[in-house]
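Q: Just passing along the structure, written as structure tokens.
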Amino acid sequence: MKVFPVVWFLVVSWSLRWRSALSDSIIHIGAIFDESAKKDDEVFRMAVADLNLNNEILETEKITISVEFVDGNNPFQAVQEACELMNRGILALVSSIGCMSAGSLQSLSDAMHIPHLFIQRSPAGTPRSSCPPTSRGRTDDYTLFVRPPVYLNEVILHVVTEYSWQKFIIFYDTDYDIRGIQDFLDRASQQGMDVALQKVESDVNVMITGMFRTMRVEELHRYRDTLRRAVLFMSPATAKAFITEVVETNLVAFDCHWIIINEEISDLDLQELVMKSIGRLTLVRQTFPQPQNTSQRCVRNNHRINTSLCDPKDPKAQTLEITNRYIYDTVLLLANTFHKKLEDRKWHSMASLSCIRKNSKPWQGGRSMLDTVKKAGVSGLTSLLEFNENGTNPNIHFEILGTNYGEDRGRGVHRLATWDPVHGLNGTLTDRKLENNMRGIVLRVVTVLEEPFVMVSENVLGQPKKYQGFSIDVLDALSNYLGFKYEIYVAPDHKYGSLQADGVWNGLIGELVFKRADVGLSALTITPERESVVDFTTRYMDYSVGVLLRKAERTVDMFACLAPFDLSLWACIAGTVLLVGVLVYLLNWLNPPRLPMGSVSSTTLYNSMWFVYGSFVQQGGEVPYTTLATRMMMGIWWLFALIVISSYTANLAAFLTITRIENSIQSLQDLSKQTDLPYGTVLDSAVYDQVRSKGMNPFERDPMYSQMWRMINHTGGADNNVEESRDGIRKVKYGHFAFVWDAAVLEYVAINDEDCSLYTVGSSISDRGYGIAMQHGSPYRDIFSQRILELQQNGDMDVLKLKWWPRDSSCDMYSSVQTRQRGSALDIHSFAGVFCVLAAGVVLSCLIAMVETWWNRRKGSRVPSKEDDKEIDLEHLHRRVNSLCTEDDSPHKQFSASSIDLTPLDLDSMPTARQGLEQISDFRNTHITTTTFIPEQIQTLSRSLSAKAAAGFAFGAAPDHRTGGGPFRQRAPNGGFFRSPIKTMSSIPYQPTPAPNFGYGNDPDRGTSI
């Protein structure tokens, strides 16, 4: 109890001395610190004491201070304490608090015109996050940001890019503001990085224990793989506890690589983190350039810093926080500012300001003091402290420290690179030591044969097999660069591997799980199930599921010429021809044309049909139609025929020159919707597992995969699935089957198919890729991944792809459509039907001719035909005429009709009821014309037999046969009549001719027809 009065006496006496000193001093600085930052207050007072001892800066003046502590998350308290300091009268306000309280102090200082030097402090030593945006750039901004802006996002993005990370996890503690890395997450997503986030509780032991209690074994394996690449946004204390816990619980292996980023990592923290971690560790922290001359470390221009703060060997200096350094330099900067104001005699006395009164005016000297602070610059514990026009400190430097891979704790750490906003990354983060370690290493590689990834190129008895393929080329490129050698063998069961019912992996994955092989290489896809037990490099080729199908075969259609019109249309056209033919006949029959006496109309039903058909096929007709109704009908018919024939011609040209043979399956959706074509895949493969998992998942069931799974799993999968991929390809080529498999493999098969009868369809979305598998925890995965990325960036990977998937392939592997790009000659298959129709017409015509000949001969033997009745034996006529003409010497003597005796002639063509020529009254409208074999060049004088008109011959007058007459016909060998194209028309000259000179008169084969 006696101690209390003594303590009270000391406090009162110190308060009186402080008040007397305050009343005498003209330099008064106020400070507000976080109540948890006692060290900030200690360094602040130490800096004031050092400057008060330096007579070169303030000479006889001394700095007095007022310090208040507040809750970092209580802005109201911060404003209240700041108002109390301003009421006392201060030249500047220094604060080391969080962003929430700093915003309130910023508004207050802007209103009262008090320069405010803000030093951002993160809670519990966690990494800083940028304070919410404030109105920077205004003329009334009185807050200066002593600590530089937060550049952690830029630094970590450069680091993970340099390490070629594509998938990693970010751990952050409870005190870290996750909004600070939002910009980094956005930029990482744009670059295709897969970033996961997890919050680390303050009690790390409880968190890890809960994970082991709630997670299954498979989930723990997957989580263990996730921890292989991690970034820690934590305070040094939380990071040490987290690393210790995951190492002791065996959640990380010696191949893990972690990055810890925090500006507040001290040398002591660095040593402890390296001691506790295994694998590779990279640390990013803020650094301050120091003078090269060790004797000048504590000397800054006209001021000497306290040795306990500037000597790296001093324990107190080793525990300095970043905010402690900036607080010391802030006091040094204000002291130099006051010195400048005193020298220039522009000093403004302090004023007691009230924040409560409405009519309170701001400090008049605030703007002048602020401008002097902005223009000042000092070199202190943080190297150079200065401000730009926006009131921020642009000077910041980071150093990147790291270790190599290994299980040995206490490994040495060395600087890898530095980073600053102006120059960026200076140095390299590549682990050269790991690269050199691969020289002389022999890796045992397990594979599965799969074209074109791995194939046997040479198999000589007694010698090791030699392999080739795309994956082998990638492995050779890695081997040539890294210096390792390899031995390769095929998996015993020739499978990629899947988890069996007993929990054991088989195939290629099983060889790696049981550590019988170091590397697994083939058309091996990266799946979550496989990643839980083995490690994968970064993908060296994208993967997607495809379907192999056989192109529809081209069928030979002999009647392809009929294809432009449908069968119903052809039937309508045929019916129209018959109907129009009947109508034409009826119209002509109802109103027949007038004919000369003795003429017979040729417009029979048969001729009408023939004429309509001839006009339809655009050929000539022989039957004239003169009535208006008939011509109107024929005009409309010709228009109809023109349209039909033109449409047929155009459609036939397009149909025969471009032939499309299309298949209805053009995607995985089309394949799943149909059931006519069976399809399947390889048992226990990644495709099989993918379809099964997506088709059977009750929470994320995909209808397409559900239908595919029902088909693939039909009868337990025995019918539609195969043991190896080449069996599925064989079923497609020689059977009725569709094979679901890796698109890259199927494309190679379609390209190299001999008859180009295969094509592929599938999805263009590559949600996974092909990777190289290694044992879990292999130290070679990162260097393999790094080299693969280099091959992709410099284009070497594309060159290897073009070797096995050329662009100039003769086969179309993506479409089932076979199209001629331009018109080409029609083949015999397209036009065979036309020749068949012609041949059928010829055969039918010959049969009809034979039937007609037989019928006419059979009928002519019994009854003389009407056509034969019209025949006159001109041989007998010639003899009678010549006998009459010999009585006169004149060769052109006129003779009368009465001198011609036609009685002996064969007049079978006349009606049998008539006995003489004089009794035929129809001859008055008839004239005689003949067809002879006389050449056209011989012109003779002809006379008409109808010249007897003056002599009273019964024929009467008749016109000249050269201007009129009917068709000239000659008896055909079959008894009919036809035109003779080599005969010319001329009249028989009636003149006396000697009988011996009429040489052909007795030739029975010669004759003419009347």
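Glycine is no exception: its Cβ is also placed from the backbone N, Cα and C atoms.
Predicted automatically and left uncurated, TrEMBL annotations should be read as such.
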Q: Quick check: of Asp311, Asp314, Asp727, Asp742, which does TrEMBL put in the same L-glutamate site as Thr525, Arg530?
A: Asp742
Q: In TrEMBL, Cys355 is listed as disulfide-bonded to which of the following: Cys83, Cys99, Cys131?
A: Cys83
Q: Just to be sure I understand the packing, how many Cβ atoms besides its own are within 10 Å of the Cβ of Cys756 (disulfide bond)?
A: 16
Q: What Cα-Cα separation, expressed in whole Å, is found between Arg692 (site 'Interaction with the cone snail toxin Con-ikot-ikot') and Arg530 (L-glutamate binding site)?
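A: That comes out at 16 Å between the alpha carbons.
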Q: To test your reading of the L-glutamate site: which residues beyond Thr525, Arg530, Asp742, same chain only, put their Cβ within 8 Å of the Cβ centroid of those residues?
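A: So the additional residues around the site are Tyr496, Ala523, Leu524, Ile526, Thr527, Tyr543, Ser685, Ala686, Val687, Arg768, Tyr770.
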Q: Roughly where does the domain 'Ionotropic glutamate receptor L-glutamate and glycine-binding' (452-514) sit in mean pLDDT, to the nearest integer?
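A: Reported value for the domain 'Ionotropic glutamate receptor L-glutamate and glycine-binding' (452-514) is a mean pLDDT of 88.
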Q: Report the largest Cα to Cα distance, in Å and rounded to a whole number, among the residues Thr525, Arg530, Asp742 that the record lists as binding L-glutamate.
A: 17
Q: Using C-alpha positions only, work out which of the disulfide-bonded residues Cys83, Cys355, Cys811 is nearest to Arg530 (L-glutamate binding site).
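A: In terms of Cα distance, Arg530 (L-glutamate binding site) lies closest to Cys811.
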Q: Could you tally the C-beta atoms, other than its own, that fall within 10 angstroms of the C-beta of Thr525 (L-glutamate binding site)?
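A: Around Thr525 (L-glutamate binding site), other Cβ atoms within 10 Å: 23.
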Q: So among the recorded positions Arg530, Arg692, who's got the most Cβ atoms within 10 Å?
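A: It comes out as Arg530.
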